[in-house]
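Notes follow the structure.
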Amino acid sequence: MGDFLSQFGELFAAYDVPGAFWVNIQLTFWAAIFSLILGTVLALMRISPIASLQWAGATYVNILRNTPLTVIMTFLFLAVWTQLQISLSDDFAQNFFRFGVIGLTVYHAAFVCESIRSGVNTVPLGQAEAARAIGLSFLPAARLIILPQAFRGAIAPLGNTLIALLKNSTVVVAVSVSTETSTLMREMIESNANFIYAIFMIFAIGFAVLVIPIGLLTTFLSNRLAVRR
Amino acid sequence: MSQKSVLFDAPGPRARRRIAVGNVVGTLVVLGIAALVAVALANRGQFAADLWSPIFTTSAWQDYFIPGLQNTLRAAGYAVVGAVVFGLIFGSGRLARVGAVRWLSGVVVEFFRAVPVLLMMVFFWLLFGYNRISDDPAFLAVVIALILYNGSVIAELVRAGVGNLPKGQSEAGLAVGLTGGQVLRSIQLPQALIAMLPALVSQLVVVLKDTALGQIITYNELLRAAQIFGNGNSNNLQTLTIAALIFIIINWALTAVARWLSRYLSGRTSGATATGPGIGNPTAVAGKPGGPGNAIAATGDPSAT
């Protein structure tokens with residue numbers, strides 16, 4: 001047993017496991033910010049009264065939401081980078097990292113959009129009618145009455161999208177970001193097959209440790225801030 | 001679009017003029033962006049006939065797209081059946097009266113929901129490969145990873161479905177003398193299962209999308225077939241577009257079925273029939289299609305993690 005532990009310790013000294021998780025966290029961080037921006041714009045388009053913008057937003061969401069993320073990543077790598085020769089950075093690693101962020105962003109923006117829209121849908125029509133009845137015009141009604149409630153309704157779905165984003169950040173292996181967790185796990189297992197279960201458990205628990213607090217926090221926040229009706 | 005919006009009142013003449021102007025501007029902007037992309041692609045010669053023509057040959061479909069799609073559907077089919085079984089077992093396990101069963105099911109479900117599907121696929125692929133468990137370790141790895149993840153999601157669907165039923169249903173069952181297990185089996189689960197059907201169909205979209213992860217572990221599904229074909233003809237942009245279109249059409253049809261089911265079934269159960277968000281978390285369902293009336297579904301289930 002002591003032998004096993006010491007070999008195991010050497011194995012983890014030889015590979016940078018926290019570093020790989022750090023790459024996934026960075027990918028998640030940037031993609032979360034950009035997809036929040038893009039998703040909010042899309043949600044605004046979809047709830048605006050302007051038909052052409054509604055159509056454009058709905059088309060974007062329906063296309064991106066139904067495309068597998070792996071296809072998006074492969075497309076970025078083989079079509080945009082290899083075939084169109086569009087490069088985002090002279091540094092190879094940086095280039096693929098940016099493509100990874102773009103892939104995660106365009107995919108998850110569709111889900112952010114739907115989360116925000118579903119938040120707006122949780123606000124009963126009576127709230128808007130009441131706001132107008134007491135004489136608030138469009139902007140004050142939106143700012144004081146509707147959006148605060150809509151934001152609270154969107155917390156739970158947004159948190160779930162963030163969790164999905166963190167887990168999906170492993171898919172950037174398809175755009176050849178080679179420093180993230182799934183690649184490292186594969187390398188480690190391929191050269192240390194006798195530790196396969198232990199290596200998998202380390203990575204699995206690593207993700208559980210990252211994912212479960214986000215889930216608990218969003219549940220806590222969405223219950224705490226929920227509008228009781 | 002036809003639904004009444006909370007944010008906007010019925011427009012008067014001035015607002016209608018503004019909306020009309022906005023509509024024209026919006027159309028121009030959207031068309032402008034589309035034209036920019038098209039011009040950029042044309043400048044790089046991406047509309048050349050010799051890049052597109054290989055796709056529209058019999059051999060492309062016979063040897064690549066159709067076998068790839070078959071493999072995708074085969075993996076998705078096995079995964080869905082297994083996931084439903086897994087979900088029913090662990091979903092009822094989480095509702096069991098014995099604390100240990102509840103706790104164990106909870107740990108299993110939360111664990112497999114937290115681990116990325118890709119990690120599980122890579123792990124099982126290498127494990128089956130080393131131990132020579134199957135002739136096709138990639139296929140088995142895809143199916144098992146999808147069963148574990150989606151089964152856990154379905155287990156949560158079962159639990160949320162039962163939790164969203166009105167309390168009177170179980171109380172009535174207990175009042176007529178059924179035991180707790182009987183109430184679960186003969187009153188709550190049947191209604192919860194009908195209520196969760198739309199979300200289950202939405203989950204099918206997730207399964208189908210996630211089969212594409214098989215490409216990374218060399219499972220010969222649609223994406224990989226398209227990629228191999230594209231590499232051979234150096235027209236990856238075109239072939240991957242076709243592969244994406246196939247995925248989009250199938251998933252879009254499944255989403256339409258889920259939405260129709262949700263409307264059709266809402267009169268047949270006392271539970272909330274909402275479609276899933278398509279990203280693999282049942283409790284992310286807020287603002288169900290039925291409108292803002294349902295506060296239980298809207299404020300989020302407390303089990304959301």
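Placed from the backbone N, Cα and C atoms, the Cβ positions cover glycine too.
Automated prediction, rather than curation, is the source of TrEMBL annotations.
Feature list (source: TrEMBL):
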- B:69-258: domain 'ABC transmembrane type-1' (DOMAIN)
- B:276-305: region 'Disordered' (REGION)
- B:20-42: transmembrane segment (TRANSMEM)
- B:75-96: transmembrane segment (TRANSMEM)
- B:103-126: transmembrane segment (TRANSMEM)
- B:138-158: transmembrane segment (TRANSMEM)
- B:192-217: transmembrane segment (TRANSMEM)
- B:237-261: transmembrane segment (TRANSMEM)
Whether the transmembrane segment (B:192-217) meets the transmembrane segment (B:20-42): three or more C-beta pairs under 8 angstroms: no
Let me check one thing: do the transmembrane segment (B:75-96) and the transmembrane segment (B:20-42) come into contact, meaning three or more Cβ pairs under 8 Å with sequence separation of at least 6? no
For the transmembrane segment (B:103-126), find every same-chain residue at least 6 residues outside the stretch whose CB is under 8 Å from a CB in it, and list them. 90-91, 93-94, 96, 137-138, 140-142, 144-146, 148-149, 151-153, 155-156, 210, 213-214, 216-217, 305
